[in-house]
Structures are given as structure tokens and as C-alpha cells.
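Trainee: Submitted below is the structure of interest, expressed as C-alpha cells.
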Amino acid sequence: MKHTGTDSQFTETLQISQLWNTGSTSKKCLGQRREMDILETSEYDRRQRRNTSCVLFLYLLPFFASCTIYFYLWIPDSAPSLMAAGIKAAPVLSLALLVFIYNGGWSLLGVAGGLLLSAGGDCCLIWPQLFIPGMGCFALAHMLYAFTFLSSRYSKTSSSSSVFILNLLLWSIGGGMYVYLVPFLRLDPDADILVPAIGGYVLLIVIMATMATRTRRSLLMLGSVIFMASDLTIALTKFNVVDLEYKKHIIMITYYLAQMMIALGDVKAWMEADADDFRKWKRS
């Protein structure tokens, strides 16, 4: 009977020790499980990137093929026709299909819709007399691009001096070139329409490029800047400011490249959003 208190204390100590060991084991298992989840998520991300790169390349084959056909037939030197319009618009239409497949129906109110409007602009510009309607199509496309870059997938809460300097440079180039173009625009028979119309267009494309730099995504930033360079070349050559020997090559190569970068940048943003959702699900 004298050992009863000692035995009870020993039993309690043993139980506490067992509970401590059980808790330590559970924490260790939980830690190992989290490490496995991290490894599985990382492996999943690697597989997704590899698979996506291969699939994207396959989806881009129609774009490359239609670009090849366009340059092989060299549509700018052919007479305006529905066939010429279709061949010129085909690369951008293939990009619109790519974005639609990856991003779904809502993309028609974003980049896919902008690409469709751009294809409409391509068709209009086949006929010189439809220059203003074609420019209107591209202006609407830039509006859709700009609104898309403001969405939650692209939102950035911080800014940097480099982005501010780039935006200042874009606005300076856009505004400076418009001021420089105005005297040449006034020589055109449609000057009353062209001067305000091109002013509005310059404003929209600079806003679009500014929204692209806000996303900090290299594909979108490069695509928007190259798009500006392509349109700048059109303005300088169409209104006889400069005469470039390979102006049509420069315009179309930069144009198709810019549209491809914008399309791929949008697809990549959607895929990253899906990957983030997967990581959150794995942590839950």
C-alpha cells in the first residue's frame, strides 16, 4: 500500500510520455506529408510546363503555316480580293482560336475578341478606301486588350521606377509622333477625318501599351511595344513621311509577331492562374 502513490505517479508519467511521443510522431508525419505535397506540386508544375509547351507549339502550327502562305504569295502586292483578305487575316484568326481554346468563352470579351477585331481590320486594310473602318477595328481591339490587362489575373499592386520611365517613354513617343504627323495628315484630302481619328487611335494604343507594362509580363510588354512600332511604320510610310524599301515586310513581320506575343501572354496568364488554384487546393 505504501507504493500506491508512487505507482500512480509512474503511470501518469508514462501516459504523458506516450502522448508526447504520439504528438511528436503526428507532427513528424504531418511535416513529411507537407514535404511530399510540395514535391508533388513541383513535379506537377514541371509536367504541366513541358506538356503545355508541346501543346502550344502544336496549336501554333496553323499560325506559322498561314504566315508562310501569306509571305509566299506576298498578298500586299496582289490585287484586293476576298481571298487576299482571308489569307492576310488567317494568322490572327488562328491565334484567336488558340486563345479561345485555352481561355474559354470569356476570352471573346478580351484578347480573343481583340484578335477577331484585328482580323476584321486586316480585311479592311486590303482595300485602301476602307482605311478608316480598318483603323476603327484595331482601335476597338486595343480597348479590349487594355481592359483585359486590368483584370485580376494581371493585377499588380506595386510599381517601380523602371515601369514609370517606360510608360513615360511610351507616352512621349506616341504624343511626339502624332504632333509630328499632323502637318502631313493635313495634306490628305480626308484631313478633317484623319487628324482626330489618328489622334484617338494613338491615344488608345498608348493606353493599351501602358496597361501591358502594368502587368510586368514580358510577352505582353514586348507585344504591345512591337505593335506600336508596326503601326508607327504604317503611319510614317502611308502619309509619305519616310520611304522605306522594305516597309511592307517590316510592318507585317512586326504585326504578326506582336499579336502572337499578346496571345501567348494571355494564355500563359490563364495557365498560371489555374496553377495557383491547384496549389491552394493542395494546401487545403
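Cβ atoms are placed via backbone N, Cα and C, with glycine included.
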Trainee: According to TrEMBL, transmembrane segment applies to one of these ranges: 95-113, 133-151, 247-265. Which one is it?
Mentor: 133-151
Trainee: Who are the chain neighbours of the transmembrane segment (163-181) in space, where the CB to CB distance is under 8 Å and they lie at least 6 residues beyond its ends?
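Mentor: Tertiary neighbours of the transmembrane segment (163-181) are 198-199, 202-203, 205-206, 209-210, 213-214, 216, 221, 225, 228, 232, 235-236, 239, 241.
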